[in-house]
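Below is one structure, written out as structure tokens; comments come after it.
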Amino acid sequence: MGTPREWILHVDLDQFLAAVEVRRRPELAGRPVVVGGDGDPTRPRQVVATASYEARAHGVRSGMPLRTAQRRCPDAVFLPSDRPAYDAASAEVMSVLRSFDVPVEVLGWDEAFLGVASDDPEAFAEQVKAAVVERTGLTCAVGIGDTKLQAKTATGWAKPGAVARLTRDEWFERLGDAPASDIWGIGPRTAEKLRALGIHTVLDLARTDHAELAATFGPTIGPHLRLLGLGGDDDPVRAEPRVAKGRSHEETFTTDLPDPADVRDRVDRMARGLVDEVAPEGRRVTHVAVKVRTASFWTRTRSGKLPAPTLDPAAVAAHALVVFDRFELDRPVRLLGVRVTFEEPASGSPPTDPGTAAGGEHQDAIRSTMEP
């Protein structure tokens with residue numbers, strides 16, 4: 001018997017937040033459940049963090065205002081977000097995954113990559129699924145691939161609760177004609193820039209010379225995007241703790257802020273608070289981004305590079321205000337966010353998409369985009 005082949009598995013929990021709530025309230029099983037904010041859909045400016053599949057059947061989606069969700073599904077059970085409960089449930093699941101004695105790279109509450117050597121990866125994936133549901137009561141989907149990108153893409157096909165495989169040999173057959181924006185890691189801004197270059201599909205991206213991409217996106221991001229078009233690189237599953245590339249904070253205000261001076265003060269405080277949070281880690285800040293949404297729902301993110309890496313709260317806050325002043329706002333502000341990006345560690349992981357980095361995937365708050 002030869003050496004077992006190396007695979008990457010992507011485990012993604014089904015409707016995670018809603019599933020955790022149903023687990024502790026079994027009477028909710030089979031009913032439409034919506035999780036978000038304080039659980040009161042009559043209050044303004046609260047959004048859906050996740051919805052059970054029963055609620056999704058009525059058109060309820062993550063990021064939707066709770067009021068809209070209630071109109072679409074008046075019989076839904078609305079529950080407040082409970083971060084400690086989700087932290088605990090996630091820890092249970094990751095403990096189960098680590099019990100298989102394979103490298104486990106945690107992506108967030110509800111996702112992880114596994115590095116597996118197996119002649120039958122589907123059988124291994126079924127074992128993982130069975131162990132997770134037996135020991136936690138939660139279900140998951142598992143994607144199998146030669147790369148992380150392929151495995152994560154396959155998981156999208158496997159949801160909910162199944163197993164799917166996508167390999168290099170199948171990549172272009174199954175995804176070649178798909179929009180490049182379908183690729184994990186390509187955000188809306190990057191997709192827009194790609195379309196401006198005449199790059200519309202996954203195959204288009206794979207066929208584009210890396211020098212052309214580097215000219216638009218830079219010498220690091222450009223070639224990385226071409227690798228995504230080819231199905232991803234050979235980055236292995238890393239069992240060590242994930243090193244965050246940045247940290248962010250975002251706030252939706254109960255009442256719109258009409259005074260620019262008040263908004264600038266909020267930006268200053270957010271930026272200083274983020275630096276104070278990361279100071280004990282000793283990781284210097286290199287970039288700062290500011291996100292603004294006005295009362296008319298006009299939403300933009302702008303970013304800038306600091307003159308030099310720093311952990312000085314005043315310097316970071318001052319640069320955040322420089323970035324903010326580029327908006328030239330003439331309308332009240334509904335939402336405000338600030339993100340700081342750190343220096344890459346010496347053994348840094350692959351770069352994030354410039355189209356998504358400023359928006360910041362993070363768990364500083366319950367994210368509306370966390371799960372499909």
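Keep in mind that glycine also has a Cβ here, set from the backbone N, Cα and C atoms.
Caution: TrEMBL annotation is automatic and unverified by curators.
Features as listed in TrEMBL:
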DOMAIN    8-187  domain 'UmuC'
BINDING   Asp12, Asp110  Mg(2+) binding site
SITE      Leu17  site 'Substrate discrimination'
ACT_SITE  Glu111  active site
REGION    343-372  region 'Disordered'
Calculate the per-residue pLDDT averaged over the domain 'UmuC' (8-187) and state the result as an integer. 95
Just to be sure I understand the packing, how many Cβ atoms besides its own are within 10 Å of the Cβ of Glu111 (active site)? 20
Relative to the Cβ position of Leu17 (site 'Substrate discrimination'), how many further Cβ atoms are located within 10 Å? 31
List the Cα distance (Å, whole number) between Asp110 (Mg(2+) binding site) and Leu17 (site 'Substrate discrimination'). 9
Check Asp110 (Mg(2+) binding site) against DSSP and tell me helix, strand or coil, would you? coil
What's the CA to CA span in angstrom from Leu17 (site 'Substrate discrimination') over to the residue listed as 'active site'? 13
C-alpha of Glu111 (active site) to C-alpha of Asp12 (Mg(2+) binding site): distance in Å? 5
Tell me the Cβ neighbour count for Asp12 (Mg(2+) binding site), meaning other Cβ atoms within 10 Å of its Cβ, over all protein chains shown. 23
Inside 10 Å of the Cβ of Asp110 (Mg(2+) binding site), count up the other Cβ atoms and send me the figure. 24
